[in-house]
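The structure under discussion appears below in the form of structure tokens.
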């Protein structure tokens with residue numbers, strides 16, 4: 001029988017990772033303005049996300065501008081958007097599939113083997129979801145690093161990692177860990193050998209041997 005505690009732990013971790021991926025996708029702080037130069041004025045903070053760019057003044061006023069043109073966006077941003085949305089949708093599917101296969105649920109109690117397969121299948125989908133989120137955040141982060149160390153990039157146009165990017169990395173890790181625990185909650189099949197049956201001994205001959 002599947003380990004109910006391991007299943008529940010994996011599901012909770014993966015679910016938290018899915019929530020984190022939604023938060024990361026919605027937040028505009030994927031990259032924040034770098035203050036590496038001493039000549040940069042710190043009266044305002046500039047940051048960008050997947051859907052908008054914002055400017056926060058020292059007075060507390062925040063102004064955001066949504067990216068209107070899809071074709072005007074660079075390929076990295078478009079790919080990151082697509083991978084994050086795919087990861088969120090896959091995570092939603094994994095939640096429904098894994099819920100059916102959980103030991104604590106009453107669904108499919110008459111078919112224990114099918115119930116375990118559903119839990120493992122949900123874990124596999126969580127793994128794919130976490131991988132998509134990890135690729136998206138790593139790709140976007142690599143682009144930030146390349147632009148930061150590019151000598152052609154002006155000092156006043158360099159960005160660093162934002163909070164949303166760290167949340168995305170944490171979300172991907174939780175989805176991968178939770179999916180792996182769900183997959184490991186399925187017990188290994190034990191090979192059963194047939195019980196040997198005793199053969200009847202031949203009855204002793206009562207007749208005499210003749211030459």
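Any Cβ shown, glycine's included, is placed from N, Cα and C.
These come from Swiss-Prot:
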REGION    192-211  region 'Disordered'
TOPO_DOM  1-7  topological domain 'Cytoplasmic'
TOPO_DOM  29-81  topological domain 'Extracellular'
TOPO_DOM  103-118  topological domain 'Cytoplasmic'
TOPO_DOM  140-163  topological domain 'Extracellular'
TOPO_DOM  185-211  topological domain 'Cytoplasmic'
TRANSMEM  8-28  transmembrane segment
TRANSMEM  82-102  transmembrane segment
TRANSMEM  119-139  transmembrane segment
TRANSMEM  164-184  transmembrane segment
Exercise. Please work out the helix, strand and coil residue numbers for the topological domain 'Extracellular' (29-81) from the DSSP assignment.
Key: 7 helix, 19 strand, 27 coil
Quiz item: Counting only residues 6+ away from its ends, which parts of the chain sit with a Cβ under 8 Å from the transmembrane segment (82-102)?
Solution: 4, 7-8, 11, 14-15, 17-18, 21-22, 24-25, 50, 108, 115-123, 125-126, 128-130, 132-133, 135-136, 139, 168, 172, 175, 179, 182
Self-check item: Residues from the same chain, set at least six apart from the ends of the transmembrane segment (8-28), whose C-beta lies under 8 A from its own
Solution: 47-54, 64, 84-85, 87-88, 91-92, 94-95, 98-99, 102, 104, 122-123, 126, 129-130, 133, 137, 162-165, 167-168, 170-182, 184-185
Quiz item: Residues of the same chain, at least six outside the transmembrane segment (119-139), with any C-beta under 8 angstroms of its C-beta?
Solution: 2, 7, 10-11, 14, 17-18, 21, 24, 76, 79-80, 83-84, 86-88, 90-91, 93-103, 165, 168-169, 171-176, 178-183, 185-186
Exercise. Provide the three-state DSSP residue tally for the topological domain 'Extracellular' (140-163): helix first, then strand, then coil.
Key: 14 helix, 3 strand, 7 coil
Quiz prompt | Segment confidence, the topological domain 'Extracellular' (140-163), expressed as mean pLDDT | solution = 84
